């Protein structure tokens, strides 16, 4: 029996699918996975905002040990079996009724955040379902993709946010972060529960389970890792699930999920040892928070929306406080607005349930409108560099120094070593004509050890390394087998604009990352060797060099800066790239060169294969920084709504780098540091996260589920789609609003037609305070804020009226800010973005 069929039978036996079609022969009609939503409201809409401290949605006993033991073996959920199993039966009944006698495969029943199911059917069957009165929406499934030792210090946590909560040993305590990712390696010390003598109970409001499989055995979960599941039914039906690589369990075969979980909530003080070198001690942002894993992304193919929605639905049922998604869709959702897709709408219901949702912006920058996280209820995070850099360099015998990368030791000080090119030390049985890639040093038997021993071996770094056909590790093994003193990689001229991450090297070595610098190395080498006039073989190797090494970190004052790959706004409202009155990203956080835990079998980055830690870059790394910091805010303000947490992070964000200058944004993939300019809100949102200030914001701007519904209902033609996804009528929302009218900690106006006034309502969560209001208007706009001064008591609200008037005709976006400055030291910044400006000259009229 094939692995796919076997896995389907396992899923059937577990009650995860209803199957009248477990095998599909070539004669069958073309099938696909569809996500079907029903008009009846899901569980969360029946109960409204959940009070997680009550017992209404819990299962099992009150003692943590009993619940943990039962959780390892039971497929139960926080909402209990009654409502979930009833709705699943309703789904089964509908399918049997509509598709009577036909073949289909139900993959999931969603009942908590959305009422619907995922099913494998033909397009004709999908059409039958869509015509039923009970059915609200039928959407074709779509694919998704995946998008720290020093960052706690860079963010000021030890003496700031952690100190306010009693130190790292209590930071984030009682908060559960749910990760929708590639799983987790439960054996990693970052996820152990015995690193402190303090009591560490599983939060009473969390009721998730821990799957048990051969590669995720009983005991994998503990008081730190409190829940773990996997979701792969959609992938399995497509025949692309590889059980040996992807693991049919919560275990992480990729590395990405282990990395992101430890960035947010990994234990404090875990030694980072890679290739035998110690790079400091790691800590998550909220080292005392709990981790719950909902694996729906996989090494070999990414993931699918049907599985992701199932993971989100389960995480909400289980009682997580925060959901972290370091994933983005592979394409913009079709339809009248990007907000209307199964993932974002499930997350809207999660927000209604009081769950803070953070998502990576995507790694498709620096182009405008490249952001892949769209909705105002989702907190979207871009990636910035922090101030730690690892620099390596090689000094040539002509005193020329070339910068490079490589987490490697240097050669002996004050000693120059002979340089030998791999192409000049081939043995008699090897030639370039026989092996055109021999210069990549992948096989030590191709070389003469007498010429390599004690020297620096020069190897080529070609596109084959990028594709994984050749590896650094194999070249290092070659150099080691030949007793080389070290290894030097030069960049093949055909590898253009490729950005190299620092790579661990177990011996002295360096990678020269640009073709221009590589030419300098090769010109010096070729000018220093003496060759036989007839054979062209080297008679004398005259070039020498020493490698300084790249194990020691250096610190820059130019940080933070927005990385070239970090996706940018403005927020596209639809697939035709119409702009939305919503600011994206919300802010930026550390995402470049981040040390964090790595799966023991992780292969997402081949340079770190077999290591316990890896250095990764991307908005995937930035998002869990915010998830962890949000846990600190949730711990400090348990009653905060998701939008209040978002406001605290946004209004306190920093606008300046360590040197006091404006935060810069890289504008090009090639030579990014030579192509940068001051960041705008479309690059960095509100700015760079300020962890300590976010714990004491003074004022917050709050938005409710009803506000988001009013916004969605305000989109032209949206009423039937809103009904389809939520089961709620837009007639209940008489006063629809635009994105600019949402009470967000930013103001974005796509088209300023002469003039417009918007309002923002601030709530004081601190003591009595008097605020002064200042602003800088976007170019081409005059503006006024009223009042310009106000006194506000704890718990009181103040409405700010913000009037804009166009003074020029322009289609170029311009930016400004509103600042609220309190007498007790609180400050809130609200970024302004105005795109199209239409000015009417009354005199000419």
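Here the Cβ of each residue, glycine as well, is placed from N, Cα and C on the backbone.
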If I go by TrEMBL, the feature region 'Disordered' sits on one of 58-84, 85-111, 112-138. Which?
58-84
What are the helix, strand and coil residue counts for the domain 'Subtilisin-like protease fibronectin type-III' (741-834) according to DSSP?
1 helix, 63 strand, 30 coil
For the C-alpha pair, I'd like the distance in angstrom between residue 181 (active site, charge relay system) and residue 620 (active site, charge relay system), rounded off.
10
Would you kindly give the Cα-Cα distance separating residue 620 (active site, charge relay system) and residue 256 (active site, charge relay system), rounded to the nearest Å?
8
